[in-house]
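Take a look at the structure below.
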Amino acid sequence: MDAYQGFSKAVSIVSCVKAVDFPFYIDASSCLGGLPSLNFSGARRRVYALVNANASSMETACTIEFMVTLSEWVDENDLHSYAQIHEHMVYGFELSWWNPSHTKIDIAYGLAHTLWRIEHISFLPIGFVRYKLNLYSETGNHYLDVVVRFLLDIVFQCMVVKFILGAPCVMTLLIRKWRRRHLAMDQNVEEFLQSNNFLPIRYSYSDIRKITSGLKDKLGEGGYGSVFKGRLRSGREVAVKILKKGKTNGQDFISEVATIGRIHHVNVVGLIGYCFEGSKQALVYDFMHNGSLDKHIFSRGQGISLECKEVYEIALGVARGIEYLHRGCDIQILHFDIKPHNILLDKDFTPKVSDFGLARLYPTNYNTVSLSTAIGTLGYMAPELVFKNLGGVSYKADVYSFGKLLMEMATRRKNEDKVTGCSSHTYFPLWVYDQLSKELEIPVEVNEDERKITKKMIIVALWCIQWNPNDRPSMQKVLEMLKREVDDLQISPKPLFYAIEMSRKDDGTWTDEGNNIISPTSTSAITYKDSRLECTSISITQA
């Protein structure tokens, strides 16, 4: 309003507790005291009108009730009664503005409805008085600009109104869509849980917090969620896996519950119960006192160093567990993530196959299965999971993973460990095969029985990691081979391995060392390695 000051005179209507004897206090009680539209702050007050008065002119016992405006051409010295003031009110007041293209004309927009006319007369009600409003423009050469600005202002206000009204609607739709998606996921899981009466105990989330003492003792964490140690009311120790809310419509939860819920085998981890309350999902397992296998075969001081015979017995137990998954149930269960970290050991070092988040269930008569994307852990994944030209995916994928696991158990060396310049899992099995075929000795302190056990495990592992799935034995055959004498075993053909280093991206594609995308169905992307490596380390003697 600063641009419009000085063009009209203000008349302040005040009420006072007592009479004021000043000439510029014009008595208006006879005219305004009885009007019902006025709401004075007290009874028996005197009403006065002050023209162009400032704050210092106000008496302490007076209150400004409202203000009105007179024309700038009125001489305040000629106003001696309220009747004279009222007479000038009838003629209205002026409202002027500068060049509309350079000044704010918000008031003109609000009061003038036809800005293309130089003068427009209307009546503006202020309080109980209807003022005649005269609008004058200082210049008359920017009316088109004013109209354009006026229209733009209308468009802007329409957009603001649309946003104010539309934003809540959009937010409501998004929230409903989000809730519908998650409710659908929850409904899928609930339908699954209700349709399977073979499942273990269902706990509430408050029960889970009590079992774990408020999620206090954390055992570990991974991409699936976190694991906490707990204790049931019976005193039984348990491990509670708190699952993260994933984007798989509860598929990981369903896979794990459906798989372990129907399995009862000494070499498969037991599921005691579960919790499903919307986003709060948990699985309750038997507690494994000795943790995962990788701590012990790659101990480096973190776990208990296992004897060769103990490692062999663990390998037999893992093989029995996987063989049971493939053939021992009324349905075929493929694990797809066999690795040391997913083999748990109880207090007696009995191995338990665990973590069925990637597991898939199929009828027993299915020889091959279809997967939309490669799943598993790099280094343990079967080649056919990446390269589709090798044939369909089957239980032989778990056999391959077990072979990699068995190789690590026999040599106590990770597939990715560097071996005198041979730097990856791509070359390590080839190096082991060369040592075996050359009948070289193991330069470590082991007795003859341990040497035979180690050699037997390596021979079986090499059969399991054959490139072609048809060349790999079944887990039933693997168990038979592990129980036979080493002299009765044949050495496998030299395995082929892809020599490119691959990594999986977020979108499910795979890239090589040059960051080139490798298509799972491409045959040209496969590079085979069949060269002998000049490496020296532990060796195997051919008996």
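Any Cβ shown, glycine's included, is placed from N, Cα and C.
Just so you know, TrEMBL annotations never went through curation; they're auto-generated.
TrEMBL has this to say about the protein:
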type	residues	note
BINDING	Lys241	ATP binding site
DOMAIN	213-497	domain 'Protein kinase'
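DSSP classifies Lys241 (ATP binding site) as strand under the three-state reduction. In this view, Lys241 (ATP binding site) is surrounded by 22 other Cβ atoms within 10 Å of its Cβ, with every protein chain counted. Across all of the domain 'Protein kinase' (213-497), the predicted model scores a mean pLDDT of 84.
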